[in-house]
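Presented below is the structure to which this report refers.
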Amino acid sequence: MPSTYSDDNTLRSGLDRFRDHSPSQHRRSMSQETDSTVSTTSIVFDRIQERLDTKEFPARGTDGDDNDSLKDELNNDDLETGPFLGNASPSSRSNQRSSADGQRMDRSLRRWLFIVSGALVATWVIGLIFFVSSKAYKPSSSFAHDPQATVTHGSGKKVTLDQVLNNEWRAKSHSISWIAGVNGEDGLLLEKEGANKDYLVVEDVRAQNPSSVEASKSKTLIKDKLFEFANKTYWPTVTVPSRDLKKVLLATDVQNNWRHSYYAVYWIFDVETQQAEPLVPYDADARLQLASWSPTSDAIVYTRDNNMFLRKLDSDKIVQITRDGSADVFNGVPDWVYEEEVLASGVATWWSEDGNYVAFLRTNETGVPEYPIQYFVSRPSGEEPKPGEENYPEVRQIKYPKAGAHNPIVDLKFYDVKRGDVFSVDISGRFADDDRLITEVIWAGKQVLIKETNRVSDVMRVVLVDVGSRTGKAVRTVDVNDIDGGWFEISHKTKFIPADPANGRPDDGYVDTIIHNNGDHLAYFTPLDNPNPIMLTSGDYEVVDAPSAVDLQRNLVYFVSTKESSIQRHVYQVKLTGEDMTPVTDTSKEGYYAISFSTGAGYALVSYQGPNIPWQKVISTPSNPDKYEHVVEENKDLAEAAKKHELPINIYGTINVDGVELNYIERRPPHFDKNKKYPVLFQQYSGPVSQTVKKTFAVDFQSFVAAGLGYICVTVDGRGTGFIGRKNRVIIRGNLGTWESHDQIAAAKHWAQKDYIDEDRLAIWGWSYGGYMTLKTLEQDAGQTFKYGMAVAPVTDWRFYDSIYTERYMRTPQTNPEGYESAAVTNVTALSQNVRFLLMHGVADDNVHMQNSLTLLDALDQRSVENYDVQVFPDSDHGIYFHNANRIVFDKLTNWLVNAFNGEWLKIANAQPNGMKRRALPTA
């Protein structure tokens, strides 16, 4: 869905995909983590401490509730009472002078006062010495970051917007490119541009363990960063080794297409000769949409101009697999909506493990209506305009199925490499062409598991195809209306479990996430056609984007879960029998973890993301007898910065709305004073299955609002969001905007009753779905609670958004017209009851079209509603980055909010002309 200023403080170019993101996962970053896409073995192996001293960053304090008791604090001015809003009234200070100021004081009285004053000073000094020596007080700079402090002392530096926008508060993090060894060795990874090393090297983590006798030696794949061909020099952007590590597929001249996809020139690099040749023989400039290795390392399949081709490495001959590719027919790559909402990838090609078959999607979007994206300043196509058309905008027509419109027709095809033919397998009971979504394809030996749903995502079928016999059958059919009336979320984490009778697995199977116990849980289906699983997890919690990995040697499944808390993430392991579920991470302490496993699941990169300063380390998994641990990242610079700055006071808790416990975080100014009245900015995303309240380390825009501007910033995850049970999630089905806005209004009323809140200065803001929810909340509230709002790139009518995302939650406009009408932002009279609101949108937004904002503006015009401001950004997509636009967005948000809380918008509501100054007449 719309990209959002997301829960992980990341700004992405698409509505957040609604698991932990918006409809289309969050992308670009103002995030607190930065992924180094380059493999990080150099960091793992070069001069790294043996252990990470996490005691340096202990978690202290407890979760706050609504009536937390606060210690008295230093009353340093925040911007709440400082230069933005003016200081305290002079009447609060004495402005009277004694009438005896000019009189002389009796000498003995002065002597007596001097003695008493000296005694008092001496007493104060002695007390101060005792106070300091007892360590009852420390300046803020002497503490490591405490994310759960309820008070802050000291006078450190202020958090600035520039720091946030320049990513100075972003935690460093790294990704590891795990690969399997030629003979299946575990623990190998790719290292690119390591210190004092060749450009691309295969390393073995076990080499750093003196007790390991199985460690492989380093292997150089590419010596130099640059390579030459036909007297031209090239620099690879993408490097993908073959499974046998004898060749490397390189991509140069990469040009982005949509969120995930790109065009590039591809090369085959020979490791032995260190020479490259074009993937397409005799055409070194061929721009391809996709290229991928055969698992047997002897062939590459690629897509060019929407047709698929095969090149076997033992010859220059190219085999054309499909011939019907066109502007409307895609082979092996997805169209816009499948890339954005289904696959979350630019890849729709899947090799069988034996290299004998290629499965691929054929997408026909002939019947899908087009939407024009206009570029007024740039020309993303790279093409020069035709003579006489230099002053016209470039227009890109994209096939974009809006809710209720024709969807692309998608079929799964198979290419038999040995026979050289393409075939499909018809299975009885399949969904009709315009009612079918193919959401996941998993090779299971010589068979294929295919997940498909109807277009509104409430009926799912799992189909099993035997490519040898070219037959198939449905092995599972689930109607979610029989469970809770919700929907199926798309997952790409299903794991094939091959049979291993000697290891207790007599049949093939697979591990999948299913609906169970009011949430998402792991299930093991074996044999492949068995619809009745072994439950691996169950209980009042959920698994997250699971499974993470499977250790086939030890029959273990690894996964991330909310078992400890809905706003924490810990890693666990469980046997394929469903027994012995144990934590991998330390559950005795609060934590939010992510994890990346080696190909055999014997090693992992553990990423601690909060609430303390983030860190990373590579470990051996608990069942691996070859024990190993190395720190990758400690973020010492970030820890030092946290010591030297006044960060907001983060209070976590829950509020009860209609009997449902909703998570919140309240960010307070560093010198919070319970005797003051603070304005409040509510920030939310609120999209289905999203989560914004998390126990992660973050110094983001919301932190700046609290620590830099001195306001309170609150986030509440209402109903419809994730990880508080499906019952509270699926209530929004067919009625987007109703319950989410209700919960935001209820939360605002809850805060308005607090003694330290200024109930007349409440604002709400959000991006993407959060922008929609801002407008919907202002509409539903009609100025009763919220006075101000700031909406960026909002949906205003779900009939304008893409079919696959929207219909999952709303069904179709044809079957739910009342729901769509109710969900749209149409009551502009109610919007006029707010003091003022701000609307911003990127003109070239291919995700949430500017049509949404323009339609709302027209409705405002028709009703003569004028209490709003508008900013548009030429050539910016959903992330709003083009030509410095992102900085302007946050500058505008900041200044607009300060003016709102300063009362400036009240002054212009009924603007009146000032009296005219009398012109001075010239004197004679």
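Glycine residues also receive a Cβ, built from the backbone N, Cα and C atoms like all the rest.
DSSP assigns Ser768 (active site, charge relay system) to coil in the three-state reduction, outside any helix or strand. Per Swiss-Prot, the feature active site, charge relay system maps to Ser768 (among others).
As annotated by Swiss-Prot, active site, charge relay system applies to Asp845 (among others), with the evidence given as sequence analysis. Mapped onto three states, the DSSP output places Asp845 (active site, charge relay system) in coil.
Summarising the annotation, Swiss-Prot assigns active site, charge relay system to His878 (among others) and lists sequence analysis as the type of evidence. DSSP assigns His878 (active site, charge relay system) to coil in the three-state reduction, outside any helix or strand.
Residues or ranges marked as compositional bias 'Polar residues' in Swiss-Prot: 1-12 (among others).
Annotated compositional bias 'Basic and acidic residues' per Swiss-Prot: 14-23 (among others), in sequence order.
Positions annotated as compositional bias 'Polar residues' by Swiss-Prot: 31-43 (among others).
Feature annotation from Swiss-Prot assigns compositional bias 'Basic and acidic residues' to 47-58 (among others).
Taken from Swiss-Prot, the feature compositional bias 'Low complexity' covers 87-100.
What Swiss-Prot lists as N-linked glycosylation site is Asn231 (among others). Secondary structure at Asn231 (N-linked glycosylation site), as computed by DSSP, is coil. If you draw a 10 Å sphere around the CB of Asn231 (N-linked glycosylation site), it holds 5 other CB atoms from the protein chains shown.
A simple way to gauge crowding: the CB of Asn364 (N-linked glycosylation site) has 17 other CB atoms within 10 angstroms, across all the protein chains here. Swiss-Prot lists Asn364 (among others) with the feature N-linked glycosylation site, giving sequence analysis as the kind of evidence.
Sequence-distant contacts of Asn827 (N-linked glycosylation site), defined as residues of its own chain at least six apart whose C-beta falls under 8 angstroms from its C-beta, comprise Glu779, Ala782. Annotation source Swiss-Prot lists N-linked glycosylation site at Asn827 (among others).
The region 'Disordered' annotation in Swiss-Prot covers 1-102.
For 1-111, the entry in Swiss-Prot reads topological domain 'Cytoplasmic'.
Summarising the annotation, Swiss-Prot assigns topological domain 'Vacuolar' to 133-924 and lists sequence analysis as the type of evidence.
Annotation source Swiss-Prot lists transmembrane segment at 112-132, citing sequence analysis.
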Requested in this report: Just jot down the residues in the same chain as Asp845 (active site, charge relay system), at least 6 apart in sequence, with C-beta under 8 A of its C-beta; none if empty.
Outcome: Ala793, Ser876, Asp877, His878
Report summary line: Around the Cβ of His878 (active site, charge relay system), other Cβ atoms found within 10 Å total 31
**Report entry** Ser768 (active site, charge relay system) and Asn231 (N-linked glycosylation site), distance between Cα atoms, whole Å
**Finding:** 48
Report summary line: Cα-Cα, Asn364 (N-linked glycosylation site) versus Ser768 (active site, charge relay system), nearest Å, comes out at 29
Report task. Count the Cβ atoms, other than its own, that fall within 10 Å of the Cβ of Ser768 (active site, charge relay system), considering every protein chain shown. Result -> 35
